[in-house]
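Swiss-Prot annotations:
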{"type": "DOMAIN", "residues": "13-202", "note": "domain 'RNase H type-2'"}
{"type": "BINDING", "residues": "D19, E20, D111", "note": "divalent metal cation binding site"}
Amino acid sequence: MGLDFTLVADAEDLVAGVDEVGRGPLCGAVVTAAVILDPTRPILGLNDSKKLTEARREKLFDEICEKALSWCIARAEVEEIDELNILHATMLAMQRAVEGLSVTPKLAMIDGNRCPKLAMPAEAVVKGDSKVPAIAAASILAKVSRDREMAAFELIYPGYGIGGHKGYPTPVHLEALARLGPTPIHRRSFAPVRQAYEAREALGEIQS
């Protein structure tokens, strides 16, 4: 069952929903999205991306891109995560997503308990991807986009299982990291990766 569109602000107000995917993984970018929905073109079945099947997310991804008034997918790269830390990199990526919208919203509703610095008012909504349709839509765009990227990395860096765990610190990933060493897409600032780098640097076996 999808979210109720009566939960959003009045249709005359342009509200952007903003969400992120990829704060916890050991590798890859953190990906964000901002979406302004069109009240005259409702999208049925919007919900927190984690509560939807992959097939449903893929279908909704295309529908959101087609029907939304405006949408933007943005990111902060591994190098930025390592330089800034994951929280600040996430805020930067959210800022980029909102700034990339072709329409300027009157309000940005951010999933979570922190808001990035924006040119318009912002409101943090804890578990917003389960409450606010625009945030749910943003969560779907961000997750599908990042999952596709992880599937591509699976082919570039075989043996790590990236396409399955999406970079999260699962036992499979940690074992592969210890056995194969880190790749260029791993986040050096995260402890398991840093430890793997130190071990491999001692042996001169860092991948390039």
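Yeah, the Cβs are placed from backbone N, Cα and C, and that goes for glycine too.
On the 0 to 100 pLDDT scale, the model's mean across the domain 'RNase H type-2' (13-202) is 97. Sitting within 8 Å of the Cβ centre of D19, E20, D111, and not among those site residues for divalent metal cation, are the Cβ atoms of V18, V21, T32, A33, M94, I110, G112, G128, D129, I135, A138, S139, A142. Residue density at D19 (divalent metal cation binding site): 31 other Cβ atoms are found within 10 A of its Cβ, drawing on all protein chains shown. Neighbour density for E20 (divalent metal cation binding site): within 10 A of its CB lie 28 other CB atoms from the protein chains shown.
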